[in-house]
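K.L.:
Feature list, courtesy of TrEMBL:
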- 34-168: domain 'DUF2231' (DOMAIN)
- 42-61: transmembrane segment (TRANSMEM)
- 67-91: transmembrane segment (TRANSMEM)
- 103-123: transmembrane segment (TRANSMEM)
- 135-154: transmembrane segment (TRANSMEM)
Ligand code: HEM
């Protein structure tokens, strides 16, 4: 109703977020020689989350404890590299005004924190008996983590491809 009234008068609607002085300030501030650290670091937790599910599956199929041991390492390193990736992402979120002001960046933060807590749970659970932990709850958790990491990565990609967050505008 309010929108129609404004349009009847021939005025254009104004998004207060877009009016913020820092809205267009979206360039990455956390990088090495112009290469954004978050984009470089996310590959590790993503790949290791898939590796954990793969190792659990191979343990289920073969019964060979080496795969349960591999899953313990994959879950632990997925969590630790995930924390490192989360730290670089959080620095971008807090330091860059055009990232901080966009709701989509905070949505990615919330999904990512959920992922990190699930990765930590998957690792911590195995520390009390890495072989017994795989079936059934370890592999179920690993499978769920694959879904959550896909959602996190897909959403992070949207921040870059749709909003151009964390990129460079060139010199
Ligand atoms: C926990 C806090 C996190 C925050 C605040 C955060 C924030 C961001 C932001 C602002 C971007 C846009 C690009 C940039 O500014 O670097 C981004 C991109 C991305 N994020 Fe995160 N992130 C977090 C954790 C994670 C985690 C744990 C993962 C995956 C395991 C992840 C996966 C991605 C991916 C795949 C991209 C796209 C990278 C590209 O295509 O260059 N993020 N994230």
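Heads up, the Cβ atoms here are built off N, Cα and C, so glycines get one too.
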K.L.:
Go ahead and report the DSSP secondary structure tallies for the domain 'DUF2231' (34-168): helix first, then strand, then coil.
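P.N.:
The composition, in the requested order, is 112 helix, 3 strand, 20 coil.
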K.L.:
Averaged across the domain 'DUF2231' (34-168), what pLDDT does the model get? Just tell me the whole number, please.
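P.N.:
Mean pLDDT, the domain 'DUF2231' (34-168): 97.
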